[in-house]
Amino acid sequence: MNVGVAHSEVNPNTRVMSSRGIWLAYVISVAALHVILLSIPFFSIPVVWTLTNVIHNLVMYLLLHTVKGTPFETPDQGKDRLLTHWEQIDYGMQCTSSRKFLSISPVVLYLLTSFYIKYDPAHFMINTASLLSVLLPKLPQFHGVRVFGINKY
């Protein structure tokens with residue numbers, strides 16, 4: 001271990017999801033969100049599951065697919081300033097373990113939500129739209145694509 005030595009990453013965003021414990025922290029934060037919503041007395045169980053799913057997907061979309069660039073001064077001469085955080089993860093390589101985890105977790109939450117809402121049509125449509133809005137940008141075909149020019153600059 002090199003104490004006092006700076007990291008060797010040009011862009012620290014590329015390896016953050018591969019850090020030790022980040023997946024556990026992610027699961028714990030989703031569970032904490034669900035427990036907090038459950039503690040609100042006037043929410044029914046289907047509403048809590050739908051809110052958990054929608055809030056999770058909204059936060060995931062905002063943090064991974066709208067935030068661009070890096071929060072650090074990096075020596076990459078601005079190569080990553082037009083890339084979203086999702087496009088920077090694992091240096092843009094597709095099908096890595098971090099990308100698989102971040103793609104599968106909304107699906108697992110969607111399946112749990114669908115089960116606990118007992119496939120109520122209104123909740124089901126909201127949850128399906130929420131899932132599609134967060135899964136479609138993760139597809140390899142959309143790497144670097146800005147639909148309708150949204151988030152282009």
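Every residue gets a Cβ built from N, Cα and C, even glycine.
The record in Swiss-Prot shows differing topological domain names for S18 and N127, meaning opposite sides of the membrane. For the topological domain 'Cytoplasmic' (64-105), same-chain residues at least 6 beyond its ends with a Cβ under 8 Å from one of its own Cβ atoms are 10-18, 23, 26-27, 30, 134-135, 137-138, 140, 143-144, 151, 153.
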